[in-house]
């Protein structure tokens, strides 16, 4: 008989998350528990449970899942996980140990199951906040960071025991690192409270490392900051988190990017914005001005009568984001500056200009006419 699709067995989509897969399996495991299926239904429940267990074992392992997604049942060992017909209801104890172990302080980092020896744990992930400039974010850079790292203790050579002594096998778990607790039909596997999952007890701990077998030191890492990275993005450095337990893999280091405020530019996605001061003479008469960009200077033609707040767009002068195929734009916002500390002669010239403008009426001011109309309406 051909096997059913593993995703169909668990009732989840092919893009289901690990949590969704675990929840679906837990639901089926509870449904087909022997305490809930007696008599004629027991055999069918056993088969359903085995089927769900096999699907869960394949889809909860990232490597097996990838092989299954690519090649189907041919990509995985057809005998793995089912244990043949001789397993019977023994599979319930193991599976429920795995499921309920997660509920009783066994965490998502645990690897291995009942009867598999000492518990193996993946190390915790670490985070590191890194501050860079806008220019560095735009162009990318190679950087070095120093992070705390656990290295083997030179005094005890990683054993955790005082020189001249050795660790002893834990008598509570017999070196397994875990203990089984039975609750009715349930067999719950928990970390040994005496040795904390190591399977060993150290009567005389090393004084240099406190019995941990490792000491914390500073480690220098090379980090490549990709061009276009944005504030809040994270870079993963695999295997540079905390070390695992009992030979488990190390966690990862996540470097979170923080971009410093810039004196000139403000970033909005791939676009940049900046305020450009312009004299009121240039705004009135027009002219060419220089504006800064991240790649140098650029020229803008200011037309006659440019008003404060006018926006000029320089295409392609923004930032090319890490997921973008082309750079954003630079938006220059005009700020018309009013002169200060005028001489008496300059004041006289401005007054003459003012009188001349008054004689011309509202035609010299784009908003003057509408403003006059609004005033009349307000006071009428």
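Just so you know, glycine gets a Cβ as well, placed from its N, Cα and C.
Here is what Swiss-Prot records for this protein:
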- 153, 156, 206, 209: Zn(2+) 1 binding site (BINDING)
- 170, 173, 192, 195: Zn(2+) 2 binding site (BINDING)
- 371-380: compositional bias 'Basic and acidic residues' (COMPBIAS)
- 5-72: domain 'J' (DOMAIN)
- 359-380: region 'Disordered' (REGION)
- 153-160: repeat 'CXXCXGXG motif' (REPEAT)
- 170-177: repeat 'CXXCXGXG motif' (REPEAT)
- 192-199: repeat 'CXXCXGXG motif' (REPEAT)
- 206-213: repeat 'CXXCXGXG motif' (REPEAT)
- 140-218: zinc finger (ZN_FING)
What count of other C-beta atoms do you get within 10 angstroms of the C-beta of residue 153 (Zn(2+) 1 binding site), across all chains shown?
19
In the domain 'J' (5-72), how many residues does DSSP assign to helix, to strand and to coil?
52 helix, 0 strand, 16 coil
Rounded to a whole number, how many Å is the Cα of residue 153 (Zn(2+) 1 binding site) away from the Cα of residue 173 (Zn(2+) 2 binding site)?
26
Measuring Cα to Cα, how many Å separate residue 170 (Zn(2+) 2 binding site) from residue 206 (Zn(2+) 1 binding site)?
18
Neighbours of the Zn(2+) 1 site 153, 156, 206, 209: Cβ within 8 Å of the Cβ centroid, same chain, sequence order.
154, 155, 157, 158, 159, 160, 161, 205, 207, 208, 210, 211, 212, 213, 214, 215
Least surrounded among the binding-site residues, given as 156, 173, when other CB atoms within 10 Å are counted:
173
Protein Cβ atoms within 10 Å of residue 195 (Zn(2+) 2 binding site), excluding its own:
24
If you average the pLDDT over the zinc finger (140-218), what number do you get?
83
For residue 209 (Zn(2+) 1 binding site) and residue 195 (Zn(2+) 2 binding site), what Cα-Cα distance in Å is obtained after rounding to a whole number?
17
What other residues of the same chain, not counting 170, 173, 192, 195, have a CB atom within 8 A of the CB centroid of the Zn(2+) 2 site?
171, 172, 174, 175, 176, 177, 178, 179, 193, 194, 196, 197, 198, 199, 200, 201
According to DSSP, how is the repeat 'CXXCXGXG motif' (170-177) divided among helix, strand and coil residues?
0 helix, 0 strand, 8 coil
Can you break down the repeat 'CXXCXGXG motif' (206-213) into helix, strand and coil residue counts using DSSP?
0 helix, 0 strand, 8 coil
Could you tell me the C-alpha distance between residue 195 (Zn(2+) 2 binding site) and residue 206 (Zn(2+) 1 binding site) in angstrom, no decimals?
16
In whole Å, how far is residue 192 (Zn(2+) 2 binding site) from residue 156 (Zn(2+) 1 binding site) when you measure between their Cα atoms?
24
